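Per Swiss-Prot, these features apply:
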| type | residues | note |
| --- | --- | --- |
| TRANSMEM | 9-29 | transmembrane segment |
| TRANSMEM | 54-74 | transmembrane segment |
| TRANSMEM | 99-119 | transmembrane segment |
| TRANSMEM | 149-169 | transmembrane segment |
| TRANSMEM | 186-206 | transmembrane segment |
| TRANSMEM | 223-243 | transmembrane segment |
| TRANSMEM | 258-278 | transmembrane segment |
| TRANSMEM | 296-316 | transmembrane segment |
| TRANSMEM | 322-342 | transmembrane segment |
| TRANSMEM | 343-363 | transmembrane segment |
| TRANSMEM | 386-406 | transmembrane segment |
Amino acid sequence: MFHPRARTMLLLSLPALIIGVASSLVLIASMKVASVFQQFLWQRLPASIGIAYDSPFWIVGMLTLTGIVVGLIIRYSPGHAGPDPAIEPLISMPVSPSALPGLLLALIIGLAGGVSLGPEHPIMTINIALAAAFGSRLFPRITALDWTILASAGTIGALFGTPVAAALIFSQTLSGSNDIPMWDRLFAPLMAAAAGSLTTSLFFHPHFSLPIAHYTQMRLVDIASGAIVAAIAIAAGMVAVWCLPRLHELLHRLKNPVLILGIGGFILGILGVIGGPLTLFKGLDEMQQMAFSQTLGAGDYFTLAAVKLAALVIAAASGFRGGRIFPAVFIGAALGLMLHAHVEAVPAAITVSCAILGLVLVVTRDGWLSLFMAAVVVPDTNLLPLLCIVMLPAWLLLAGKPLLAANRHEP
């Protein structure tokens, strides 16, 4: 009835569905626990002792304590809470399962404590390791690489609430051939991503889109404006690219994770006092608050973008377990709103989307993911042709440039 190619795809469907659902459940459970813990640390606990949650004392103290606790976990837990996200790429080969409890605990405490990183890197590491560990026993004929692809696709679908991002990302890595078309290779990852996104949607809907005025019609001047905005965002991102490896090397000369992360948490607390509560945490909810605010001006947006960028570099250089995509989206949104406030003739839809495109491109060096994030934050079909055109000079600017990553150090 089915061609052998179709039977092969159907055989992978069940593992893909299981991995997609499981990847989403790991993300949902982690985020729920972190959210409950965050409410306790930043609302109930300070209220019970009569301290404002946004007071300098509480912000500095909480982030310093968060750094110390995460440092203790990294130093003493088996596997040292997994790989350092500042060194490893988002998608990598499976780590030892023994490192996962420490990694999950470090992630939850970091998210709840206000560290300016997202959940994507640790969740990806956890899901890949679990998929490889359990999948190799249940389906021994499937290789570790296939489990890595399925788990990463399911996680991407769960993180962004749609399988589109996974389809775009893997379309450039799972290339087809004369014998096996690209869509044959994409079938199982796309099914895992769809299962992950649908499972996530049953529990909550990620809110990426901002209330920005509709973009009516593309003009030639808008293309030039968008390219300039993207270039400004790339320039800001390249400052982080220059700082991260140097700061990472400087901090890790101390050798002691408790000391390194304690210092990192203290600096994050100082930055939190300067930027305010909006610059804390992973950035998605704070981005919504920033966009809905009626009191922020160009100077405020600049402060938010600069502080969040500095916090991203400090958190990554210190070794906190977290990802950099969500904070980059916040920085891009703040930068775009600032540029629109300075030059109101350029629509906010252009400044925000192109700034996000530039920042995410610096962080991920992935054109499809950058286009996707810009399009979901400013969901306007009239912008898509402009974003595709703006991507071209942005990609040229970054060709051959170093990545936002630290160098490995000898122990």
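Numbers here mean position along the shown chain, with the first residue as 1.
Keep in mind that glycine also has a Cβ here, set from the backbone N, Cα and C atoms.
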Recorded stretch that, among 9-29, 223-243, 296-316, 322-342, 343-363, has the most CB pairs under 8 Å to the transmembrane segment (186-206):
9-29
Positions whose Cβ lies under 8 angstroms from the transmembrane segment (322-342), at least six residues beyond its ends:
85, 90, 107, 110-111, 115-122, 124, 208, 210, 229, 232-233, 236-237, 282-284, 286-287, 290-291, 296-298, 301-302, 304-305, 308-309, 311-312, 315-316, 348, 351-360, 362-364, 369, 373-374, 377, 404
At a Cβ cut-off of 8 Å, and with pairs 6 or more apart in sequence only, do we get at least 3 pairs between the transmembrane segment (99-119) and the transmembrane segment (223-243), yes or no?
no
For the transmembrane segment (223-243) against the transmembrane segment (343-363), do we get 3 or more Cβ-Cβ pairs below 8 Å once near-sequence pairs (under 6 apart) are dropped?
yes
For the transmembrane segment (258-278) and the transmembrane segment (386-406), does the number of C-beta pairs under 8 Å, pairs 6 or more apart in sequence, reach 3 or more?
no
Of the listed stretches (149-169, 296-316, 386-406), which one yields the highest count of Cβ-Cβ distances below 8 Å with the transmembrane segment (9-29)?
149-169
For the transmembrane segment (386-406), what are the same-chain contacts with Cβ under 8 Å, counting residues 6+ beyond its ends?
84, 86-87, 89, 218, 222-223, 226-227, 230-231, 234, 237-238, 240-241, 244-245, 248-249, 316-317, 324, 350, 353-354, 357-358, 361-363, 365, 367, 370-371, 374-375
Which sequence positions outside the transmembrane segment (296-316), separated from its termini by at least 6 residues, show Cβ-Cβ distances below 8 Å to it?
85-86, 110, 115-117, 236-237, 239-240, 243-244, 247-248, 264, 267-268, 271-272, 274-276, 278-279, 283, 290, 322, 324, 327-328, 330-331, 334-335, 337-338, 341-342, 406
